[in-house]
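Listed features, source TrEMBL:
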type	residues	note
DOMAIN	8-226	domain 'Radical SAM core'
BINDING	17, 68, 99, 160, 263, 264, 265	GTP binding site
BINDING	24, 28, 31	[4Fe-4S] cluster 1 binding site
BINDING	30, 72, 123, 194	S-adenosyl-L-methionine binding site
BINDING	258, 261, 275	[4Fe-4S] cluster 2 binding site
Ligand code: SAM
Ligand code: SF4
């Protein structure tokens, strides 16, 4: 019998974000320090079979309909293609996508599509090679461009591009990024920078807000709010110059959408997080390794969701950033 992941505020989680690793081959300044982090020891990380088993519990017993692989950088996880194939074998309908920096995607896009992946979201904050180097601390802009094209060619579309704007670095680039994505048929979405970086460098006063982004885009394009209901989608969509092309803004900080949230997260070491900003987690890994049945794991998972807070409280003076940074939670 399928139960749902409902919380005490009536929200139902159907969208599972699975972090496959906390490691990454870039070092985006807003995400992690130049030297990287103390990576998770391998024995703490779920094995491929354990990841597939927990996704199976979510899809077959808890009503999850979308699975998004993320990290860290999910493409550095060796078993990725096989994990996708096994999840597809469990359920022919579940929507599967990946959020990736696209390094190496040129090589794996085809295999991922063949294994059953539906879509790719690629993070790209700039279309200027030197700015890419400055933000990611790696000179790999060309690889991302190639990865994006490969995703489109492999049928992992509509390809979405996620961009974070940073004051004084790329905050003048919104229209240029949009033109670049429109030319290639990619759907661009800007994400407001959130207090989730390992080095605690986020600053509310200097972050680039949805209002800033809309003002900057409006100087070059005619934007109209899309009339389609937004539902639980984090992005607020705007038609560009009369449509059908759109641009999205994910304004988690200045226009929070917690009331409509349908997301739940599983970390690479098997912890359920009911919110990006949660300050507590529920362990499924040790329960599974101690012999818990699928029904018992599903019970634990439901209990973990029930206590989801109504909002992230970033604007509350008592707000505390979670101990895990974004790269270890799974964005
Ligand atoms: N490495 C992959 C990537 O970059 O797409 C997946 C993981 S990354 C943590 C997922 C998304 O989170 C990326 O789009 C990234 O730009 C975004 N991100 C990372 N740190 C962030 C922060 N502090 N605020 C807002 N978005 C952030
Ligand atoms: Fe890596 Fe993604 Fe973080 Fe950039 S945002 S350092 S690509 S995990």
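Positions of Cβ are set from backbone N, Cα and C atoms, glycine also.
What TrEMBL says about a protein is an automatic prediction, not a curated fact.
Features as recorded by TrEMBL, highlighted on the structure.
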residue: 17; record: GTP binding site; CB count, 10 Å: 21
residue: 24; record: [4Fe-4S] cluster 1 binding site; CB count, 10 Å: 22
residue: 30; record: S-adenosyl-L-methionine binding site; CB count, 10 Å: 19
residue: 31; record: [4Fe-4S] cluster 1 binding site; CB count, 10 Å: 24
residue: 68; record: GTP binding site; CB count, 10 Å: 21
residue: 99; record: GTP binding site; CB count, 10 Å: 21
residue: 123; record: S-adenosyl-L-methionine binding site; CB count, 10 Å: 22
residue: 263; record: GTP binding site; CB count, 10 Å: 20
residue: 265; record: GTP binding site; CB count, 10 Å: 23
residue: 275; record: [4Fe-4S] cluster 2 binding site; CB count, 10 Å: 21
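Ligand 1 lies under 6 Å from the Cβ of 194, out of the binding-site residues 17, 68, 160, 194.
In this structure, 24, 28 are the binding-site residues from 24, 28, 264 whose C-beta falls under 6 Å of some atom of ligand 2. Ranking the binding-site residues 28, 194, 258, 261, 264 by how many other Cβ atoms lie within 10 angstroms of each Cβ puts 258 at the bottom. In sequence order, 19, 20, 21, 22, 23, 24, 268, 327, 328, 330 are the residues of the chain that are 6 or more apart from residue 72 (S-adenosyl-L-methionine binding site) and have a CB within less than 8 Å of its CB. The local packing around residue 160 (GTP binding site), expressed as other Cβ atoms within 10 Å of its Cβ over all shown chains, amounts to 20. Put simply, residue 123 (S-adenosyl-L-methionine binding site) is 16 Å from residue 17 (GTP binding site) when counted between their Cα atoms. The DSSP secondary structure for residue 194 (S-adenosyl-L-methionine binding site) is coil. Apart from the site residues 24, 28, 31, the chain places the Cβ of 26, 27, 30, 32, 73, 101, 136, 326, 327 no farther than 8 Å from the centroid of the site's Cβ atoms, the recorded [4Fe-4S] cluster 1 location. Residue 194 (S-adenosyl-L-methionine binding site) sits 13 Å from residue 28 ([4Fe-4S] cluster 1 binding site), taking the Cα positions as reference. Distance from the CA of residue 99 (GTP binding site) to the CA of residue 123 (S-adenosyl-L-methionine binding site) is 7 Å. In this structure the alpha carbons, written CA, of residue 264 (GTP binding site) and residue 258 ([4Fe-4S] cluster 2 binding site) are 12 Å apart. According to DSSP, residue 258 ([4Fe-4S] cluster 2 binding site) is assigned to a helical segment. For the binding-site residues 28, 30, 31, 258, 275, a Cα to Cα distance of within 10 angstroms from residue 265 (GTP binding site) holds for 275.
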